[in-house]
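The structure appears below as structure tokens.
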Ligand code: LLP
């Protein structure tokens, strides 16, 4: 993002130009920022710990264009449904580089994945392992598996997005050795599952490296235990979760620091346990894609009230970005056509949907706003479009990407025809 002559530019194209060509609301991705984020992880791993892979968490946002970019950048991807899998397969993403996550994969989904030779299953529980084994047998295949554990580690983040605490719904619970006994059953009875790794995901939007270091200790210790049942673990998956800066209130940990510290801890533990350096997997979603996305809206009306709230109403809101309403997530905003004007008024940016909670940003100081201004909300590249809905008959926004000052549509704006496509018009009930 750059400012030039009072205007906001995204990877070389002004917000005004973008609106002229694409309309609003529009989510604009900066190609260079995606590559920068990937490189920051990759380059630092290369310097610190060679035996690694980066598995992009598709849930943050996926489409076929992104699959193509990730393929070129040699990332793996994690998917959690046949929907995400279909996107990846349709972009010819290499199947051996796809990891299938999720805590309740249906038989249909397992079938679809095994038929398509998906590389690795992250197995969540014993019953799921039994289903996978049965289906793998049908196809005469042995499934490479990573067992997801509940490590009992608290990461300080929002209640809804922390996943590693002892009462989590995800994974085999280490509590009272449950995980050990269940994995023993899998090892002894399910011959079409080949346990290669263990891992956990401790939460999202995390700014502390200590929980990852604690997790590595748990993983190393548990892998020692698994030797008793002839399981030789050489893959450790420490999940995603590294945070990004949304507003000045967020502290920051660089990818460099994260990679350096987890690499060091892994090497130290490998030495301690006299184990050769394991393959380390990280699963970042947000920290690869969030800062690459900016949402542009148009101001439709302004309600001024010197004693109460000054509202700016925009042409989108909770249907394209549910995060403020769902998690009280905070963002910052700019008036993209008035970047250098003095900030003179406190506004609340309201969405257009029929809920009082549809507020994108509360109490932000902005230049005097007028109808037709462009509101830009940066750092909306993760968990916005992927969590978008058709609430109030909203049409999902257009999603574009800008490279070399040229914009490309990645996801078309939805139309009413899209809405009507699945609506069966029954007339004679
Ligand atoms: N791996 C697993 C198994 C996950 O469940 C997740 C996210 C990730 C990786 C990627 O985490 P990230 O690096 O993006 O933090 N909708 C919420 C975030 C939910 C995260 C769910 N799991 C939000 O908008 O904040």
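Using N, Cα and C of the backbone, Cβ positions are placed for all residues, glycine too.
Here's what TrEMBL has on this protein:
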- 37-290: domain 'Orn/DAP/Arg decarboxylase 2 N-terminal' (DOMAIN)
- 59: N6-(pyridoxal phosphate)lysine (MOD_RES)
- 241, 283, 284, 285, 286, 383: pyridoxal 5'-phosphate binding site (BINDING)
- 286, 323, 327, 355, 383: substrate binding site (BINDING)
- 354: active site, proton donor (ACT_SITE)
From recorded positions 323, 354, 355, the one whose Cα lies nearest residue 286 (pyridoxal 5'-phosphate binding site): 323
Most crowded position, judged by CB atoms within 10 A, among 327, 383 as binding-site residues: 383
Least buried by Cβ count (within 10 Å) of the recorded positions 59, 286, 323: 323
Greatest inter-residue Cα distance in Å for the substrate-binding set 286, 323, 327, 355, 383: 27
Cβ neighbours within the same chain of residue 284 (pyridoxal 5'-phosphate binding site) - under 8 Å, at least six residues apart: 41, 54, 56, 57, 240, 241, 242
Recorded positions close to ligand 1 - of 285, 354, 383, only those whose C-beta is under 6 Å away: 285, 383
Overall pLDDT of the domain 'Orn/DAP/Arg decarboxylase 2 N-terminal' (37-290), taken as the mean: 95
Alpha-carbon distance [residue 327 (substrate binding site); the residue listed as 'active site, proton donor'] in Å: 18
Nearest-integer angstrom distance between the alpha carbons (Cα) of the residue listed as 'N6-(pyridoxal phosphate)lysine' and residue 283 (pyridoxal 5'-phosphate binding site): 11
Residue 285 (pyridoxal 5'-phosphate binding site) CB neighbourhood, other CB atoms within 10 A: 25
List of residues, in chain order, with Cβ under 8 A from that of residue 283 (pyridoxal 5'-phosphate binding site) and at least 6 apart: 55, 56, 57, 78, 99, 201, 237, 238, 239, 240
Candidate nearest residue 285 (pyridoxal 5'-phosphate binding site) in space, where candidates are the binding-site residues 323, 327, 355 and distance is Cα-Cα: 323
